[in-house]
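All remarks here apply to the structure that follows.
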Amino acid sequence: MCRYRGSGKLNRKIDVYSFGIILLELITGQPAMKEVSFGIKIKLLDWVNPKLNNGDIEAIVDQRLEGHYNRSSAWKLVEIAMSCTQPTAIQRPDISEVLTELKDRWSLEITHERSESSMRRSSDNSSSDMSSLNPSHFDSSSSVPHAQ
């Protein structure tokens, strides 16, 4: 964004940088500038980088999710955000590349979610089928189980 301040001109690569910061805000639940102690502020990128270098995705992702997220997707989103926030514009991807990567990840996430949902329904059906065979559900006049 410094290039905007210097030149007064916006361009697509600055938009990509801004998008990367917004994506990091969504991933982390943190603002772009954060007060870390009385009067001292830190940029979100400076907060994320040490955690990223340590490979600590749990420390990066918004704690309010309480671990309920796909770690592979979280890593990919952080990777996309970091590519958008490269120091020089020439290193940043075009927004169309970013969009393609996000769509691909979304598609994988939807497929994964559907698969898990299907497995849960199948498991729930098996459990409910088995619960109908509970001995307390037997009719005393017959040896055939009856669902109640």
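The backbone N, Cα and C atoms fix where each Cβ goes, and this holds for glycine too.
Taken from TrEMBL, the feature compositional bias 'Basic and acidic residues' covers 112-123. Annotation comment: TrEMBL describes 133-148 as compositional bias 'Polar residues'. What TrEMBL records for 8-102 is domain 'Serine-threonine/tyrosine-protein kinase catalytic'. Taken from TrEMBL, the feature region 'Disordered' applies to 112-148.
Counting residues of the domain 'Serine-threonine/tyrosine-protein kinase catalytic' (8-102) by DSSP class, helix then strand then coil, yields 59 helix, 9 strand, 27 coil. When pLDDT is averaged over the domain 'Serine-threonine/tyrosine-protein kinase catalytic' (8-102), the result is 91.
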